[in-house]
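Listed in TrEMBL for this protein:
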- 1-22: signal peptide (SIGNAL)
- 27-321: domain 'Carbohydrate kinase PfkB' (DOMAIN)
- 35, 36, 37, 63, 64, 65, 66, 67, 163, 282: substrate binding site (BINDING)
- 209, 249, 250, 251, 252, 253, 254, 281, 282: ATP binding site (BINDING)
- 276, 278, 312, 315, 317, 321: K(+) binding site (BINDING)
- 282: active site, proton acceptor (ACT_SITE)
């Protein structure tokens, strides 16, 4: 019953020529990280060498890979997570959480040589600043050999990120290509040495946020993030490096899909006041993968992901704010038009039509 209910969100986001009853979410593979977030909150964060008292302490499950896997599973996709945790209390809790959220964890390995990844987050309420220190731990022990080609049998979409070794991510992308699986590289975080062009070439879709897009393109960060036109230019730079398709999330500017000479801007969902944007990008990608695995066009999957991510920013935290299909009402979501022919920048309207034809 729950699995059927979760799938209904995707059955409402379909192309006009297909029957809703014929579409269900498919199989999604997520190769990535899991972190335990340790969060303190107080008036302000400490300066170097200073000790301050904070008011609250909380823990949360995190890591881009785990977040994306949870969102895809909540929407009804058969979601397999490939990752590594430590042989410790955080690792045991991580496995239990993933299992409880419907994620298949047969390919999560436990290591005795590194702890489960942790992120120390200090939040200052007065000036809305934060300080984050991540210890990757077991995530950096996830090796190319840990990616089993057999699990890609029948898979529709692969999601991977850069919180694990790039060699492991490349292995996952190459296996996905051999299996005929759509692969999405969430180019986050951008390592100090940059991202190997081989990763950009291997992925079906490269998905950075606006800051990562600027870093990858070598452009001025603020200028690129400021306008959709600037983001298009940066995406073109990634195409010149070998990216086939770029799907950039632009915060308050929505998202941008660039393929060939065609760029489609998808504005944010209207009427939503964000409460907490933590993990919204991961919600977007998990929903995109679930929608794409159901057979939707890339643009229709972007629209569905935008709606799901808009729901996530209305709650606090990452995974606790993620919606299942039962939490969403997408009955009125319009059919998305087919992509226009030719080149240029177009905009997807709220009614599903495309402006600028």
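Keep in mind that glycine also has a Cβ here, set from the backbone N, Cα and C atoms.
Values in this document were obtained by computation on a predicted structure and should not be read as measured data.
Structure with TrEMBL features highlighted.
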residue : record                 : DSSP class
35      : substrate binding site : strand
64      : substrate binding site : helix
163     : substrate binding site : coil
209     : ATP binding site       : strand
250     : ATP binding site       : coil
278     : K(+) binding site      : coil
312     : K(+) binding site      : helix
317     : K(+) binding site      : coil
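Least packed by the Cβ count within 10 Å, out of the binding-site residues 252, 254, is 252. Apart from 35, 36, 37, 63, 64, 65, 66, 67, 163, 282, the substrate site neighbourhood in this chain, defined by C-beta within 8 angstroms of the site C-beta centre, holds 32, 33, 34, 61, 62, 117, 318. Checked against residue 163 (substrate binding site) by C-alpha proximity, the binding-site residues 209, 282, 312, 315, 321 yield 282 as the nearest. In this structure the C-alpha atoms belonging to residue 317 (K(+) binding site) and residue 37 (substrate binding site) are separated by 10 Å. Taking CA atoms as the reference points, residue 278 (K(+) binding site) and residue 252 (ATP binding site) are 14 Å apart. For residue 35 (substrate binding site), the Cβ neighbour count at a 10 Å cut-off comes to 27, with all displayed protein chains included. Within the same chain, residues at least six positions away from residue 209 (ATP binding site) with a Cβ under 8 Å of its Cβ are 188, 248, 249, 250, 251, 281.
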